[in-house]
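Have a look at the structure below, then the notes.
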Amino acid sequence: MTSDFLAFIEISGEDITTTILRMNNGSTDFLVEGDILIPRTRNALKCANKQYSCRWPKSLTSGTVDVPYILSDKYDNGEKKTILDAMKGFETATCVRFIPWTYLLQHYLKQNTLCSSLLGRVGDKQVVSLQRFGCVQHGIIQHELLHALGFYHEHTRSDRDQYIRVNWQNIIKYFFNNFDKMDTDNLNTRYDYSSVMHYGRTAFGITPQSETLTPIPDPNVPIGQIVGMSDIDILRVNILYQCKN
């Protein structure tokens, strides 16, 4: 990885959502909530319609969930290491295994431009977009991979109104739908302000300083972290995929 790229990460004070939205600005793809890619030929969000319809299959012999991938040759060695290290975070804490694709494997992930992902397993080739010089950060990579495994943004949880206030007056009206609640299966886990899937405070704000999400009852609780999966993020992967970790 180049020193310029390292400097970019170090000087950036953005939360994860701000970075993703900045990188996706101007995209002509159909993106829900800023980074969930919905194919124009597919009904929206099938994961919302059937509880486990978008899970990746689990091996009956090894007990692992093997997710094949192809890594673009456009990444330099440092960027590839960052991506692989983010994948290893799943492998050390869950039963999910990201494995290099071979022609014997039908379904796989492929990296592309932008910061986006399909929601859950779609079948055949599906793209996880990790644009260089912005998206190749540990937390963003794990964020997009969690989408690919079937997870929504935290603020769309069905019970979110008990934990966070949506400041509609501060949101660009065109993006109101990005704050809709989903009929989610919360897997008997508590709301997680520290989730890598949580929007930052100013996502889709009418100004860069407009606060669109406020934690309640304590408005000072940090949200929108960029470090990586929280303990509850990991727990949910293990529950959804029935890992024995």
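Using N, Cα and C of the backbone, Cβ positions are placed for all residues, glycine too.
Automatic, uncurated: that is what TrEMBL annotation is.
Database features (TrEMBL):
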ACT_SITE  GLU144  active site
BINDING   HIS143, HIS147, HIS153  Zn(2+) binding site
DOMAIN    43-244  domain 'Peptidase M12A'
Ranking the binding-site residues HIS143, HIS147 by other Cβ atoms within 10 Å, which is at the bottom? HIS147
Which whole-number value in Å describes the distance between the Cα atoms of GLU144 (active site) and HIS153 (Zn(2+) binding site)? 10
Where does the mean pLDDT land for the domain 'Peptidase M12A' (43-244)? 86
Among the recorded positions listed here, GLU144, HIS153, which has the most company in the form of other Cβ atoms within 10 Å of its Cβ? GLU144
DSSP, reduced to three states, assigns HIS143 (Zn(2+) binding site) to helix
